[in-house]
Amino acid sequence: MAMLVTNLSSSSFCFFSSPHLQNQKEIRSGVRVRKYVIFNRASLRTVSDCVDSITTFDRSVTDANTQLRRFCESGNLENAVKLLCVSGKWDIDPRTLCSVLQLCADSKSLKDGKEVDNFIRGNGFVIDSNLGSKLSLMYTNCGDLKEASRVFDEVKIEKALFWNILMNELAKSGDFSGSIGLFKKMMSSGVEMDSYTFSCVSKSFSSLRSVHGGEQLHGFILKSGFGERNSVGNSLVAFYLKNQRVDSARKVFDEMTERDVISWNSIINGYVSNGLAEKGLSVFVQMLVSGIEIDLATIVSVFAGCADSRLISLGRAVHSIGVKACFSREDRFCNTLLDMYSKCGDLDSAKAVFREMSDRSVVSYTSMIAGYAREGLAGEAVKLFEEMEEEGISPDVYTVTAVLNCCARYRLLDEGKRVHEWIKENDLGFDIFVSNALMDMYAKCGSMQEAELVFSEMRVKDIISWNTIIGGYSKNCYANEALSLFNLLLEEKRFSPDERTVACVLPACASLSAFDKGREIHGYIMRNGYFSDRHVANSLVDMYAKCGALLLAHMLFDDIASKDLVSWTVMIAGYGMHGFGKEAIALFNQMRQAGIEADEISFVSLLYACSHSGLVDEGWRFFNIMRHECKIEPTVEHYACIVDMLARTGDLIKAYRFIENMPIPPDATIWGALLCGCRIHHDVKLAEKVAEKVFELEPENTGYYVLMANIYAEAEKWEQVKRLRKRIGQRGLRKNPGCSWIEIKGRVNIFVAGDSSNPETENIEAFLRKVRARMIEEGYSPLTKYALIDAEEMEKEEALCGHSEKLAMALGIISSGHGKIIRVTKNLRVCGDCHEMAKFMSKLTRREIVLRDSNRFHQFKDGHCSCRGFW
């Protein structure tokens with residue numbers, strides 16, 4: 001009391017001067033004192049003042065409530081909560097509690113909010129709709145959505161606003177199912193909904209990709225009479241577009257009685273995002289005609305549409321509109337404009353926009369780097385990346401992946417390594433997107449050791465990481481490593497191989513002729529429904545064709561619902577490899593009748609088929625069709641096919657003259673095709689002339705030296721063989737050893753000439769001796785010229801018995817059941833003696849043998865070969 005008297009005697013309480021002291025009774029009763037003590041803001045600044053005042057005089061409900069509201073109005077949450085906690089239940093009005101809860105919600109103070117909630121529940125307050133609404137709002141704003149939902153379970157909240165807020169916050173936190181569940185509860189509670197309710201819940205259906213749920217919501221909206229509301233219509237348009245239901249979105253848009261700029265922007269952006277840029281741009285034109293004022297979002301979407309459809313003229317017109325509308329200083333405008341020009345191939349305009357930007361961001365640099373990369377200016381892209389730090393702009397993940405993709409595309413290994421060093425220095429190496437891009441760069445540059453190192457150091461891997469490393473090994477001819485990693489992926493069971501994985505590993509099966517493994521993967525594809533992916537289907541057809549199962553390949557080809565050019569080309573190439581030129585031509589004609597235009601690659605496959613089937617006239621005809629009807633300029637590959645075709649059929653001089661008259665300089669591939677023809681037809685003199693041209697073009701290619709040495713050996717010109725082998729040694733070159741492999745019970749067995757490492761060596765040698773004896777009985781004489789050694793005939797015969805393809809075929813026959821097809825692959829051209837023995841083996845054992853060499857397939861059956869001598 002003494003402290004209070006002291007306070008009252010201070011200058012701030014001058015109302016106690018004599019003019020005011022008229023009624024001592026009123027003063028004693030404390031009515032006026034209480035009134036001025038509670039209401040004077042200047043004096044009572046702390047909760048302790050309020051508590052002293054309230055406890056000193058007769059308390060009334062109005063006292064605490066009024067001061068609490070004062071605290072709430074001034075934002076003094078700390079004192080409001082303290083005062084509330086020392087107040088009794090009967091002092092506080094529920095409306096005051098609502099004010100305090102609102103302050104907690106606005107301040108996002110969960111701790112204070114929980115204290116208020118405890119006060120409410122501890123004092124037995126009835127939580128009605130109003131108080132429950134504020135409680136749920138407090139918990140929602142403070143991020144405790146679980147408690148907010150609990151309040152909704154306990155109390156019937158009647159105002160849609162609070163339902164909408166919680167629904168929206170649940171969706172923002174990623175709990176889309178919870179948001180939809182709250183909407184369903186709102187329906188069952190009979191709460192009157194508003195437009196915002198439907199906008200909130202449609203976003204959740206959209207995020208869950210729940211098309212069926214969204215369609216049901218659409219029906220409910222129409223029944224509820226909200227279908228004509230602009231905001232609801234915009235939400236439905238956005239829902240359908242996000243779920244790729246473009247036609248449904250357009251229908252909603254067309255039925256909207258009132259459209260705003262958001263409506264138009266949504267449908268334009270939706271078309272562009274779903275790969276229908278031209279339709280989006282058409283809507284933009286309608287928007288202009290309708291007199292709707294465009295905004296920055298409109299222009300950004302239109303730039304993206306122009307970029308996708310390469311409509312640079314429209315892009316320039318919109319550029320002018322944007323400048324007039326004063327958008328040219330907006331980052332989004334400049335960045336999308338720059339991207340549009342670079343994607344349309346107008347790099348000069350893109351550079352002009354880039355130079356004029358006053359505030360270049362990392363997005364600007366990334367767009368410019370991607371533009372340089374698209375135009376093949378890889379050096380400029382890398383240079384710009386290196387300049388970024390000089391300008392004080394740190395590249396982000398997107399910039400780094402863009403420049404790595406550029407290095408990968410143009411095989412810039414040294415530049416890629418420099419970027420890798422920068423990544424290490426800036427601790428970006430553990431980002432999964434960067435690591436995947438690094439692996440891809442190294443793999444495409446043929447540096448699989450570095451790619452494997454990046455893969456092994458990754459802390460977190462995803463399926464893209466596995467696909468990149470498996471695909472890298474497969475494309476760089478490390479088929480065994482690709483299959484091993486694929487098996488490891490299956491064993492780990494952390495990720496399931498997807499469409500991309502199987503498309504990456506199937507070429508490895510094809511390379512090894514691993515028919516059984518390929519068939520296992522085929523089963524996996526069918527079980528998981530991946531065959532509908534055209535890339536997978538094409539890879540599967542290619543795998544079976546390269547494993548010698550041409551009939552199965554064609555059956556799968558027929559099953560492809562929508563064949564593209566790759567599908568047809570793969571099958572044509574398959575027939576060509578097997579020597580079925582007429583079938584390849586028939587398929588090519590079928591393709592053209594189906595309205596699919598041939599390209600350079602499909603013509604290479606067709607000309608190859610003609611070459612390996614001896615169809616010279618047809619080969620010339622299609623070569624001319626390609627040039628004159630299809631307007632395709634022949635490349636080195638096309639000319640090489642024609643030279644090979646002429647050389648195989650023995651027209652070596654014509655082939656030589658054809659090369660001399662070519663409009664482009666011949667490379668080693670073309671001269672090499674003629675050199676192979678010289679070997680087939682034993683023309684040593686022309687071979688010497690051709691070989692010098694090949695050696696000049698590719699002096700480090702051992703294969704051509706070996707080919708010429710073999711030509712000399714077959715002609716028994718041993719001195720020339722010695723000189724050539726000495727030349728190889730002087731250059732420090734190494735001969736690529738011939739090897740063959742065969743898959744037995746899921747294991748690939750590899751043989752080199754004279755190999756005795758296989759556990760079945762004794763049985764293999766015994767079988768080959770038996771076959772050779774039977775062949776000699778039937779009048780066969782070993783073709784010892786293919787032994788390629790200067791020795792006695794007996795030694796030559798023994799050398800022939802040790803050829804790798806013979807060893808592989810023998811293992812296949814003695815290790816597999818009767819009737820099983822033998823599939824062997826050799827890295828070099830099969831020799832003539834092995835070819836003859838394979839024919840005899842197929843007849844003797846009544847087994848089909850499929851031998852794939854570096855040139856083509858040989859299918860041996862009943863003593864005959866499918867090549868018919870064209871090999």
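Even glycines carry a Cβ here, placed using N, Cα and C.
In Swiss-Prot, the annotation region 'Type E(+) motif' applies to 746-776, one of the ranges 33-63, 64-94, 95-125, 746-776.
If you take every residue in the repeat 'PPR 10' (361-395) and average the pLDDT, you get 87. A Cβ distance under 8 Å defines the sequence-distant neighbours of the repeat 'PPR 18' (635-665), meaning residues of its chain 6+ beyond its ends; these are 600, 603-604, 607-608, 610-612, 614-616, 619-620, 623, 626, 671, 673-674, 676-678, 680-681, 683, 686, 690, 870.
Per DSSP, the secondary structure of the repeat 'PPR 16' (564-598) breaks down as 26 helix, 0 strand, 9 coil. For the repeat 'PPR 3' (128-158), the list of distant contacts is 94-95, 97-98, 101-102, 104-106, 108-110, 113, 116-117, 120, 165-166, 169-170, 173, 175, 178, 182, 185, 189, 191: same-chain residues at least six beyond its ends, Cβ to Cβ under 8 Å.
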